[in-house]
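> What follows is a structure written as structure tokens; I'll ask about it next.
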Amino acid sequence: MVKETKLYEVLNVDVTASQAELKKAYRKLALKYHPDKNPNAGDKFKEISRAYEILADEEKRATYDRFGEEGLQGGGADGGMSADDLFASFFGGGMFGGGMPRGPRKGKDLVHTIKVTLEDLYRGKTTKLALQKKVICPKCSGRGGKEGSVKSCASCNGSGVKFITRAMGPMIQRMQMTCPDCNGAGETIRDEDRCKECDGAKVISQRKILTVHVEKGMHNGQKIVFKEEGEQAPGIIPGDVIFVIDQKEHPRFKRSGDHLFYEAHVDLLTALAGGQIVVEHLDDRWLTIPIIPGECIRPNELKVLPGQGMLSQRHHQPGNLYIRFHVDFPEPNFATPEQLALLEKALPPRKIESAPKNAHTEECVLATVDPTEKVRIDNNVDPTTATSMDEDEDEEGGHPGVQCAQQ
């Protein structure tokens, strides 16, 4: 007597149904409720497929008959093939014109990084890289042995796995393990029939040289793909070999998209009276850039050299080179009073600021900020709090105070 009949009811069969009757019932219901034919019956189709997968397996059926669905918990009943895979294996695929039979699966991609400089990305670069990979054995054509010598493993019926059932209290646990007779290969070859080149492994290791072209204008993180140059194995499509560009940080230029950014320092005289800056570009050119007298370059001002950026892979025009100017002021007391008087005549008149009439005024003197305090302020640390903490540390530090004498 069975504990539960739900799965039998799903297939509309008796609990004593034979495998042929189960198969016939599943075929009829699967065709009726397949989502390609009946789009609103997806859940029903999955329920039918699950019921058939369990009852078609003698071990699972015996466990279900004895303990019900509770006995299948942890036993892999829900870890089998999907409803679509079960349907495809049963009918061969291509039903209802909806799906084509599945082709061979694709192997794993091999991903490597290729380190480049910004100069490489500006000028382009070609490099050769050696790759060690598995390829189909040319001597046995991937069979692993003499033709006709490879047999399906009788112990696991060619699946490469075996199932063991354990009783754990009132529960039955069904576990999967690699078949020890074929080491998971699903096939066996007699030692005398093994291929001498690959020793039955079907593949051998081979060194391959790939020529990698880093095109002008490529970006950090961009991928260079070699289709199906990955490792080979019988029955699969080789994966791709993918090189990911890893750009080293540049000491002079920053890149954003197709644009370059450069930080230029000019002295105050050049900023006011004109002069010239020189920029070493990424292709060994030196750009001479005049600063027009009276142009008055301001601190942190941004200028642009159109078309001097990176070559664009998407547009015909290259990007721009943006130059951020930093004006370096002279040291204190750099000029005599007479020179300052001449400077005052040359510059626009100073703006005179004054307090409101009859306001209380107090004259103050500017002082230089302590370098340590400046760092704290730049890092948004309250200098008052920081100073207080330093004083506390000094008090706790190794300067003993007055101690009481023991009586």
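Heads up, the Cβ atoms here are built off N, Cα and C, so glycines get one too.
Feature annotation from Swiss-Prot assigns substrate binding site to LEU110, LEU129, ALA130, LEU131, ILE209, LEU210, VAL241, ILE242, PHE243; the stated evidence is similarity to another entry. If you look up Swiss-Prot, you'll see CYS137, CYS140, CYS195, CYS198 marked as Zn(2+) 1 binding site. Marked as Zn(2+) 2 binding site by Swiss-Prot on the basis of similarity to another entry: CYS153, CYS156, CYS179, CYS182. Taken from Swiss-Prot, the feature domain 'J' applies to 6-68. The S-farnesyl cysteine annotation in Swiss-Prot covers CYS404. Swiss-Prot lists CYS404 with the feature cysteine methyl ester, giving similarity to another entry as the kind of evidence. The region 'Disordered' feature in Swiss-Prot is assigned to 375-407. Per Swiss-Prot, the feature repeat 'CXXCXGXG motif' maps to 137-144, 153-160, 179-186, 195-202. The site 'Involved in dimerization' annotation in Swiss-Prot covers PHE329 and is backed by similarity to another entry. Per Swiss-Prot, zinc finger is recorded for 124-207.
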> Find the one among the recorded positions ALA130, CYS137, CYS195, PHE243, PHE329 whose C-alpha lies closest to that of CYS156 (Zn(2+) 2 binding site).
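Comparing Cα positions, the closest of these recorded positions turns out to be CYS195.
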> Sort CYS198 (Zn(2+) 1 binding site) into helix, strand or coil using the DSSP assignment.
coil
> Using the Cβ center of CYS153, CYS156, CYS179, CYS182 as the Zn(2+) 2 site position, which other residues in that chain lie within 8 Å, going by their Cβ?
ALA154, SER155, ASN157, GLY158, SER159, GLY160, VAL161, LYS162, PRO180, ASP181, ASN183, GLY184, ALA185, GLY186, GLU187, THR188
> List every residue in the same chain as CYS182 (Zn(2+) 2 binding site), at least 6 positions away in sequence, whose Cβ is under 8 Å from its Cβ.
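Correct list: CYS153, SER155, CYS156, GLY160, THR188.
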> Name the one residue among LEU110, CYS137, CYS179, CYS195 whose Cα is closest in three-dimensional space to that of PHE329 (site 'Involved in dimerization'); these are the binding-site residues.
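The answer is LEU110.
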> So which of 137-144, 179-186, 195-202 is most in touch with the repeat 'CXXCXGXG motif' (153-160), counting Cβ pairs under 8 Å?
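Of the candidates 137-144, 179-186, 195-202, 179-186 scores highest.
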> If you measure from the Cα of PHE243 (substrate binding site), which of the binding-site residues CYS137, CYS140, CYS179 is the nearest?
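Result for PHE243 (substrate binding site): the nearest of the binding-site residues is CYS137.
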